[in-house]
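For reference, the structure discussed in these notes is given below.
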């Protein structure tokens, strides 16, 4: 049910729908492999997405990995991230630095979202218990969450996949999904 809830949290506010595979050549192969991970975007064929049990079995983690499969990088990897966060490279565990790499991204005319489900928390992959990400200009604001896609996450999916502008409206807030009204298609 957790994986389905993560899918529903994305589908409810967007035109992206996850359906069981029948005979499609390209599909997500969701398995409980080692760790929580997904390839970025469509790679073709049986595309692995790992949700290890029990550590990754949360709806928000499923939504996070599904957003990778849909083509989204971590929020702290956006091309404009240096205006919004400082990455403390010396505090990051060796072997995890790739999670903080900055990419040339199309930010889809969205604001930097500290509350994105794609944003890591301030201590993500910390080698020594010290912060790996410090927000600017206020170093104390909360960053990252796994409750569900934020309103800006939904906006990005709708922009990338050319969804109707009226698919969903979200109240701003904690990042938890708070639908007002969702039309049926």
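Here the Cβ of each residue, glycine as well, is placed from N, Cα and C on the backbone.
These come from TrEMBL:
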ACT_SITE  65  active site
BINDING   64, 68, 74  Zn(2+) binding site
DOMAIN    1-164  domain 'Peptidase M12A'
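On the structure: features taken from TrEMBL.
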{"residue": "64", "record": "Zn(2+) binding site", "contacts (Cβ under 8 Å, 6+ apart)": "36, 117, 118, 146"}
{"residue": "65", "record": "active site", "contacts (Cβ under 8 Å, 6+ apart)": "6, 36, 37, 38, 49, 50, 51, 56"}
{"residue": "68", "record": "Zn(2+) binding site", "contacts (Cβ under 8 Å, 6+ apart)": "37, 38, 39, 40, 49"}
{"residue": "74", "record": "Zn(2+) binding site", "contacts (Cβ under 8 Å, 6+ apart)": "99, 100, 118, 119, 120"}
If you run the three-state DSSP split on residue 74 (Zn(2+) binding site), which class comes out?
coil
If I take every residue in the domain 'Peptidase M12A' (1-164) and average their pLDDT values, what number comes out?
96
